């Protein structure tokens, strides 16, 4: 008797002034911390691949989407474990531990002093795999476990708060973790280890908070997996039809061949689910476009002018626009369309969302066409990039392998306008270079390697113009110093100290933030120092600062190897607005449609199917990024065209879809279970609340 009293006491614990059980506080805080952990880590992932692991943009995009796809394949595994073995509570705990371990491994892999590049790659990939199994495994469990704590209509309000915690965690993490990476310096550079470590700490907090509420939770034991039962029923129907269709009369539907073993109710429910799953087939293409916000669009942003804006702020646009667009669509746009006597069906909304996403990529194409005008792409295989810095006595004409690689003479104390592509016809090649300056020709022989960028420095020597080939980097924001003096120089820029050897030596490239650099100190080894004014160093530009002596003082002559980005990041706002409008119409409506068209005991099946469309969308990006080999603007245009084509196919498919009639469902239930079973079903259905009803704009 005392045990039952304790149970009633647990159930009666409510949050002050509400009918909410106290246990949901722990679940909501757990979800907030977990989403902060996931999105905070993911916000840095593409830049981490490019800047820290030094992968090219295609490989970075491919790995990013492979990880995203894995995160949406693993929910099926989590659902199987929870429903048929451990139950939701234990599944969340055990897979959260895997989640934490993945974050720790990922953070250790970002510490420069831990091993070499291969170790960093191995630890990063292992960490991401563990994170994918952790976040994907708990994804279908946490929301459902929260819903289990309710037995009345208050459950709907819980899901509203639950999704607010998701948006809050996502929004804050995309602000905080990029600041930790860029503004905090560790190990001599951007502090990726700290930026990944904070999400790891939040995941530990998430796990501790969830366990702390253990004594208050209502824990339903596992009761078998409906997904497994569905698969068995389909398999039996196919097998039975294969062996018996020649000897027995045809049946109305191929699933009817399972009637010998399974109930009519289950068969009818599976029919309903399959009809919706068929509509899911074209949907991955939408997610293929949508999820590129974190990969291709982020890379596009890094090549734009970020004046007054930081990269992480642009990544917040989608979350911020969702908060604005959802009430606008619900309170303004949809009612206005209804006033025009246009019936707004869910599938029509989803088709309209596809169109908006395609338009977003059309806008991204226009932006990309303008961005690439000032951006130098890395050298492809069997090619090098070459630029000339002319410090000879006069203008210089340069021929490489007998061809006019640089058609115009290069003025004195300037560099060539652009990096030119030098064909090598192999992994490496020696090239004869002819330099004509002050009426005299000079030849030099230099070795070039594929996929590398070089600067050819021309300077006067005893026998005429001389050549010096140095490695260069032709992308990202960088600057370097070139010392024309006969003595070594020590240069201080802020807290950075450079030592540049004499005789036309070049310092290492350093990243630069936009701003005016007017307090640079340059000292000779003898101790004599000069103040240098480098002027404005702008976004996207790459500078060579040539140091020479004039009137007994060291002066700086700035050359712009790669022009500054002249396309402001604000031009990305239209494409973000369009993709967010598409998300409101497609994602939210799709979740609502899936729930409303599913039988009460198979909503998890359709939820798993919905998450799989996201996973396959990332697979599509993975294939295109690695296999198409297109220029970026052409790739954007390809995706837009594909989605428009898929939208047409989807619209045709919707014409043959009939929305579920609840009365017809009840008829089937009554035939199979009787009136008493039907009443139980009604009670069960009344306890089921759509997860998406209040989950505006966020996918679990």
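Placed from the backbone N, Cα and C atoms, the Cβ positions cover glycine too.
Looking at 20-42, 158-180, the range annotated in TrEMBL as transmembrane segment turns out to be 158-180. Panel annotation: around the transmembrane segment (605-624), residues 61-62, 65-66, 68-73, 75-76, 79, 139-140, 226-227, 230, 273, 276-277, 280, 283-292, 295, 590-591, 594-595, 597-598, 635, 638-639, 691, 699-700 of the same chain, lying at least six beyond its termini, place a Cβ under 8 Å from a Cβ of the stretch. Simply put, out of 61-81, 121-146, 192-213, 316-339, 636-660, 636-660 has the most Cβ pairs sitting under 8 Å from the transmembrane segment (272-290). If you look at the transmembrane segment (192-213), the same-chain residues 6 or more away from its ends with a CB under 8 A from one of its CBs are 23, 25-27, 29-34, 36-38, 40-41, 44, 48, 52, 92-93, 96-97, 99-100, 103-104, 106-108, 110-111, 173, 176-178, 180-181, 184, 186.
Outside the transmembrane segment (351-372), and at least 6 residues removed from its termini, the chain residues within Cβ reach (under 8 Å) are 285-286, 289-290, 296-297, 300, 303-304, 565, 567, 571-572, 574-576, 578-579, 581-587, 589, 631-633, 636-637, 639-641, 643-644, 646-647, 650-651, 654. Below 8 angstroms of C-beta separation, residues 167, 170-171, 174-175, 293, 572-573, 576-577, 579-581, 583-585, 588, 696-698 of the same chain, each at least six residues beyond the ends of the transmembrane segment (316-339), sit close to that stretch.
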